[in-house]
Amino acid sequence: MGHAHHDHSHAETAAPTSGRVLWLGLLITAGFALVEALAGWWSSSLALMGDAGHMLTDASALGIGALAARFSRVGPNRRYSYGLKRAELVGALINVLFMYAVVGLIAVAALRRLNDPVAVDAITVVGIGLLGLLVNVIVAWLLHRGEQTLNTRGAMLHVMGDLLGSLAAVVAGLVILGTSWMPIDPILSLLVCALIVVSSTRLLLSALNVVMAAVPDGLDLDDITQAMEACDPAVHSIHHVHVWALSSSTTALSAHVEVDDLTRWPAIQTAIATCLERRFGIDHPTLQPELRSASAVCRPC
């Protein structure tokens, strides 16, 4: 069995600029989430407090991405043979549980507020909401100009989702200014709660997919197998193909490669590994060669 090596070590690294951008986005987002939460408490606006909770999910997502970039530089050791690539899963699960608790608290408060409306300082709500829109635009710009990794793209989705939360707070404030209809605040708070649940659940499902060694999204086993079989005329067939994510940035594969001529194996192995990395982003392949005449004794994996 052979592991296909390229010109990189097991401690593959995310570009330092990616980590710096994520940390900067985290500081900006978390700082404004605190400001927004205090403003929501001061103005009695659940819409602002709900949006602050949503921005906290964004900050958590940015933190997970930044930690993932940091831990990706920790190489394997005798205890952790893959290094600490999956530490981001622990953070993701903690993040989801924490945000479900936040949603529960906001939703309960919103339902109570529907039955017993409270006066809201609409001017503060509109002002902070507009500032929130500006903050999200700045963070989105930082992420866009940085290295485009899986972490930054995932963080971008969170930030764009939070734009809706800030917009909801602005709408609530304007409606109250124009009509004095206070129920709009808890109604939009419940909408923001729904956004948090959706984003948190997506993160949970992504983490569980990695834990369950599911084939990563966007990859198809049949396409991968066919591409491997077309790499060299000496390849007779590919079987026992397994593809899974070691982390959000590293994808692994193991497969049995049935060949007609074992003397060509080094060239075949290199060709398959190059194809997997360039076409599918699979950078951790382990390939087991089998001579065609002996493949009948291979047992299912």
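Each Cβ is built from the backbone N, Cα and C atoms, and glycine gets one as well.
What TrEMBL says about this protein:
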{"type": "DOMAIN", "residues": "22-209", "note": "domain 'Cation efflux protein transmembrane'"}
{"type": "DOMAIN", "residues": "216-290", "note": "domain 'Cation efflux protein cytoplasmic'"}
{"type": "TRANSMEM", "residues": "21-42", "note": "transmembrane segment"}
{"type": "TRANSMEM", "residues": "48-69", "note": "transmembrane segment"}
{"type": "TRANSMEM", "residues": "89-110", "note": "transmembrane segment"}
{"type": "TRANSMEM", "residues": "122-143", "note": "transmembrane segment"}
{"type": "TRANSMEM", "residues": "155-181", "note": "transmembrane segment"}
{"type": "TRANSMEM", "residues": "187-205", "note": "transmembrane segment"}
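On the 0 to 100 pLDDT scale, the domain 'Cation efflux protein cytoplasmic' (216-290) averages 92 in the predicted structure. Comparison of 89-110, 122-143, 155-181, 187-205 by number of C-beta pairs under 8 angstroms to the transmembrane segment (21-42) places 122-143 first.
Residues 46, 49-50, 53, 56-57, 60-61, 63-64, 67, 186-187, 189-190, 192-193, 196-197, 200-201, 203-204, 206-207, 210-211, 247 of the same chain sit 6 or more residues outside the transmembrane segment (89-110) yet have a Cβ under 8 Å from a Cβ within it. Sequence-distant contacts of the transmembrane segment (122-143) (same chain, six or more residues past either end, CB-CB distance under 8 Å): 21-22, 24-25, 28-29, 32, 35-36, 39-40, 42-43, 45, 47-48, 51, 55, 58, 62, 152, 155-156, 159-160, 162-163, 165-170, 172-174, 176-177, 185. When the domain 'Cation efflux protein cytoplasmic' (216-290) is classified with DSSP, helix, strand and coil residues number 28 helix, 27 strand, 20 coil.
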